[in-house]
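**Q** Before I ask anything, here is the structure I am working with.
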Amino acid sequence: MSSIRLYNTLTRKKETFEPLEPNKVKMYVCGPTVYNYIHIGNARAAIVFDTIRRYLEFRGYDVTYVSNFTDVDDKLIRAARELGESVPAIAERFIEAYFEDIEALGCKKADIHPRVTENIETIIEFIQALIDKGYAYEVDGDVYYRTRKFDGYGKLSHQSIDELQAGARIEVGEKKDDPLDFALWKAAKEGEISWDSPWGKGRPGWHIECSAMARKYLGDTIDIHAGGQDLTFPHHENEIAQSEALTGKPFAKYWLHNGYLNINNEKMSKSLGNFVLVHDIIRQIDPQVLRFFMLSVHYRHPINYSEELLESARRGLERLRTAYGNLQHRLGASTNLTDNDGEWLSRLADIRASFIREMDDDFNTANGIAVLFELAKQANLYLQEKTTSENVIHAFLREFEQLMDVLGLTLKQEELLDEEIEALIRQRNEARKNRDFALADRIRDELKAKNIILEDTPQGTRWKRGS
């Protein structure tokens with residue numbers, strides 16, 4: 001039996017993870033609508049579920065990871081009209097930008113990245129099957145899902161039909177039978193991109209796309225379906241209704257949702273002018289700092305984005321990289337074996353066990369990072385020993401590399417620009433002036449790990465790059 005426990009939105013409790021097939025995991029993550037660059041809220045979902053995939057692979061599971069692109073949609077059509085470009089041209093540009101952004105953030109590509117426009121036939125067949133079973137109906141070229149016919153509607157978002165009915169409205173121009181019904185196929189409007197179908201020219205509704213593509217690439221029932229908390233209702237609720245009405249089987253065994261991201265304690269929105277695009281931020285900071293920041297809070301909890309918290313994340317990542325760099329520098333000056341190798345190797349085994357225990361508990365990356373800080377602390381303690389062993393140093397390095405890789409974090413030391421070095425020296429001088437010697441020493445160690453040598457003189461601090 002697996003020791004991994006995860007929180008299932010469907011049941012609102014932590015459950016032991018038992019995939020449908022032993023050692024195989026089928027995972028579907030809702031991807032972006034590609035009409036613009038992704039924002040840092042999208043980035044949180046990408047980073048969180050990439051990390052969960054990495055951890056499952058680390059624990060020996062064979063993961064098939066599917067994440068879609070919505071490459072036709074109202075937003076894309078509007079963007080095409082505003083920019084005077086075609087929908088496919090805009091989609092292609094932002095799919096390319098998406099791959100650049102997530103690669104910078106340390107996310108691996110999905111095994112399959114299906115696009116809606118490449119799966120129109122599959123979607124049409126799915127809709128026709130729902131019509132044949134009485135779960136959908138056509139009105140003047142539009143096709144709607146008959147929501148009340150599906151008994152389990154509301155089970156994911158834990159809402160009753162009566163509660164949902166109270167807030168439902170029929171928009172002007174809609175001809176559906178019930179305010180709760182939603183569109184599976186939208187009849188074409190003049191000048192819009194469209195495809196031929198049994199109901200005339202049109203395009204798919206948003207919700208049906210994921211149901212059809214998840215089934216095509218992963219089968220009737222998948223292990224994990226994941227996405228942002230904002231997708232729970234109506235998107236994921238509607239996916240369940242569509243898929244389970246068609247197959248009569250559970251659509252997904254486990255539903256995972258990451259929490260919201262706020263900016264300086266306010267919801268991120270274009271109207272507030274606090275909308276942060278990944279494309280912009282990764283040109284200002286090390287993208288790995290953004291990833292570290294996202295993983296420093298449990299994935300289900302809300303996270304607050306601010307300059308101060310980003311700086312704290314930068315310091316945290318630097319602390320780990322510095323400890324790793326110090327170990328590397330000691331390699332040539334160590335002996336083959338020492339008397340206390342066994343004790344240190346035992347400590348390392350305990351650290352790995354702690355990391356696994358924390359990550360097994362609903363992928364708690366925040367506590368996983370705390371374990372990495374303990375690893376850094378033990379590394380620094382070890383380097384204070386009179387004699388060190390290459391055997392133990394290599395074991396420390398391996399733990400750093402493997403556990404950091406699970407979190408998608410790199411240990412590569414970026415070469416500092418001259419201005420960055422000068423800024424750190426000014427920060428160190430300020431710390432010394434304020435008698436914060438711990439901070440001053442930490443900055444000096446950070447620079448030393450990046451091969452920057454400081455010399456304090458009566459005229460001020462000088463620096464040079466080591467050979």
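From the backbone N, Cα and C atoms, a Cβ is placed for every residue, glycine too.
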**Q** I'm validating the feature mapping. Which of 32-42, 131-141, 175-185 is tagged motif ''HIGH' region' in Swiss-Prot?
**A** 32-42
**Q** With the ranges 157-161, 227-231, 267-271, 412-416 to choose from, which does Swiss-Prot describe as motif ''KMSKS' region'?
**A** 267-271
**Q** Could you give the residue numbers and ranges of same-chain residues that sit at least 6 residues beyond the motif ''HIGH' region' (32-42) on either side and whose C-beta is under 8 angstroms from one of its C-beta atoms?
**A** 69-71, 73, 75-76, 78-79, 90-91, 94-95, 97-98, 101-102, 228, 260-261, 268, 275-281, 290, 305
**Q** Could you find out if DSSP has Cys30 (Zn(2+) binding site) as helix, strand or coil?
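**A** Assignment for Cys30 (Zn(2+) binding site) reads coil.
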**Q** Any idea what the model's mean pLDDT is for the motif ''KMSKS' region' (267-271)?
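**A** When the pLDDT values over the motif ''KMSKS' region' (267-271) are averaged, the result is 70.
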**Q** From the centroid of the CB atoms of Cys30, Cys210, His235, Glu239, the recorded Zn(2+) site, which same-chain residues not already listed sit within 8 A by their CB, in sequence order?
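**A** What remains near the Cβ centre is Trp206, His207, Glu209, Ser211, His225, Gly227, Leu231, His236, Asn238.
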**Q** Within 10 Å of its Cβ, which one of these binding-site residues (Cys30, Cys210) has the largest number of other Cβ atoms?
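**A** Result for the most crowded candidate: Cys210.
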